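Trainee: My structure is below; once you've seen it, I'll send some questions.
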Amino acid sequence: LSQDDPLTNLNTAFDVAEKYLDIPKMLDAEDIVGTARPDEKAIMTYVSSFYHAFSGAQKAETAANRICKVLAVNQENEQLMEDYEKLASDLLEWIRRTIPWLENRAPENTMQAMQQKLEDFRDYRRLHKPPKVQEKCQLEINFNTLQTKLRLSNRPAFMPSEGKMVSDINNAWGGLEQAEKGYEEWLLNEIRRLERLDHLAEKFRQKASIHESWTDGKEAMLQQKDYETATLSEIKALLKKHEAFESDLAAHQDRVEQIAAIAQELNELDYYDSPSVNARCQKICDQWDNLGALTQKRREALERTEKLLETIDQLYLEYAKRAAPFNNWMEGAMEDLQDTFIVHTIEEIQGLTTAHEQFKATLPDADKERQAILGIHNEVSKIVQTYHVNMAGTNPYTTITPHEINGKWEHVRQLVPRRDQALMEEHARQQQNERLRKQFGAQANVIGPWIQTKMEEIGRISIEMHGTLEDQLNHLRQYEKSIVNYKPKIDQLEGDHQLIQEALIFDNKHTNYTMEHIRVGWEQLLTTIARTINEVENQILTRDAKGISQEQMNEFRASFNHFDRDHSGTLGPEEFKACLISLGYDIGNDAQGEAEFARIMSIVDPNRLGVVTFQAFIDFMSRETADTDTADQVMASFKILAGDKNYITVDELRRELPPDQAEYCIARMAPYTGRDAVPGALDYMSFSTALYGESDL
């Protein structure tokens, strides 16, 4: 343009207006420039055309901006909903896969297999579960943040798919922890059972081997017919020998009963190799019954012949009667000295040590008995040599020789120091176990009260009104940092707990806290601090979005705390009703009052949990003063873009809106079916109501 050429300036302006703004040419430039006083009305008419053209363009721009804002909020909320659904599905699927594993109670036959199961369970507690605890906490935070954003943008509350509510996830998590607790108890009980079974099985094998060794050849001996051709002195000897055998047989009765009792206990404890144990026990019992029958039969035969016998070597008989019990005592002593033992406390090992010392105190008397028995044998040998008795130095009443007695006695003497060493080693192990118990108890007695104190302090911070919300948030984050810094102490306690489990320590009198109590308290503490921080962040978001001052927030908190009688951090229906009445709401006990209260409860408790949170209370108190979009406002904006039509076209959407939001509308708008519809017309009215939950999108 040029100040020196007004005629060209006007013609340029008229041509541009006609070409680009659809304003027809109403005057000639010459009429304006060449006239001293142009027609005022014509000039005003021309200028008004320019005003209306630019005014319409500004309205369209404003409408487009409003729609962009609404659609951006809606897109963000939909993405949050999809993220929640996916995270909830993944967590529930993990819980669904994990619970059957924890509920599997299929027992193993060996201690090694059960130890592997326990190790797998430890790996699950240390490696697999902690990330899922974090996912669960993040899921609750995402859900609360989404609900807050929906309330702030005047959208309906988000209702997850069936079975994916936060309460459903909490219920599934509770089932997981219950199965987890039962699985750990079952593992420990199975380990105790297998330990007991291994001990009993070894004891059964030892006793059975000793008994079978003793019975070997006894049936053949009892079936001999040697008394038929024996001399009178030999018959007498056979009869006395048989009496000594019966004494020995009676002495072995206890061992047979013990073998049967152990086999019965193995059956009751469901020992995996019970069939072979039962078969061996049955064979021993059958053989024992047969020995009794054969013994009785031989005695009857000898008694029939006894009338023909007159002499007996009393020394041999005395030797046999004293040697048999002493031999049985030595066998019992060897069995006891080689018997395995299981103890869990220092007191138990001290009891075994005391019993062993008492046994060693009896050895001098036992040695005197041995010398006396050997003296009898030596006297017999002397008599045989003196009187040339036809026995060739053998004892017809017993098979126990002095060589056997000396051999078993020497074996007993060798076993005593071995038993001393085993008891000393076990005593040292129990002392180490006691040190582990004290070490764990000292730490647990500090960590347990610390967790409880932190829980109480966080609860006080969330309901007190000291400082601004930002001050509370900073305070809570400092608490969160101090809690995270405490994690190494928990890990150290986990390490001590693992040492205790590896040492098979099942009780600890030095503390009432178990590792399970500490773990649950620690997880609850982490969840509580994260949830409390999220609640304060949402309160800040609500305060800033709705223009609430700090004084108003303090007043809201004071009113809320006043009616929160049980200091639970939420208001029950009756507490909330009392709060509304104190604020001037007309809520009577009649039907109309109940209906009004039910309407308000549907606003502050859309999920019907039966409680009103402080966040919902703030939303309700500031609801009527909030500047939020509505479906009618969005609908009016679309109508401007459509040029006052009841529908809008694809071209109009793409011309007025950014590409991604235009395509979002095109993909979701239903076809317009009114009488004035044209091909490709879209229904922006139903789309607008669907954005605010008033119809289906």
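Any Cβ shown, glycine's included, is placed from N, Cα and C.
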Trainee: Which stretch, out of 70-97, 322-349, 630-657, is listed as coiled coil by TrEMBL?
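Mentor: Range annotated as coiled coil by TrEMBL: 70-97.
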Trainee: Among the residue ranges 235-269, 585-619, I'd like the one that TrEMBL describes as coiled coil.
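Mentor: Within the set 235-269, 585-619, TrEMBL attaches coiled coil to 235-269.
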Trainee: Using a Cβ cut-off of under 8 Å, list the residues of the same chain at least 6 residues beyond the coiled coil (70-97) that approach it.
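Mentor: Tertiary neighbours of the coiled coil (70-97) are 132, 135-136, 138-139, 142-143, 145-146, 149-150, 153, 155, 158, 160-161, 163-164, 168-169, 172-173, 175-176, 629, 634, 657, 661, 664-665, 691.
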Trainee: What does DSSP give as the helix, strand and coil breakdown of the domain 'Calponin-homology (CH)' (1-55)?
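Mentor: Taking the domain 'Calponin-homology (CH)' (1-55) as a whole: 36 helix, 0 strand, 19 coil.
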Trainee: Please compute the mean pLDDT of the model over the coiled coil (235-269).
Mentor: 83
Trainee: Taking helix as H, G and I and strand as E and B in DSSP, count the residues of the domain 'EF-hand' (551-586) in helix, strand and coil.
Mentor: 23 helix, 2 strand, 11 coil
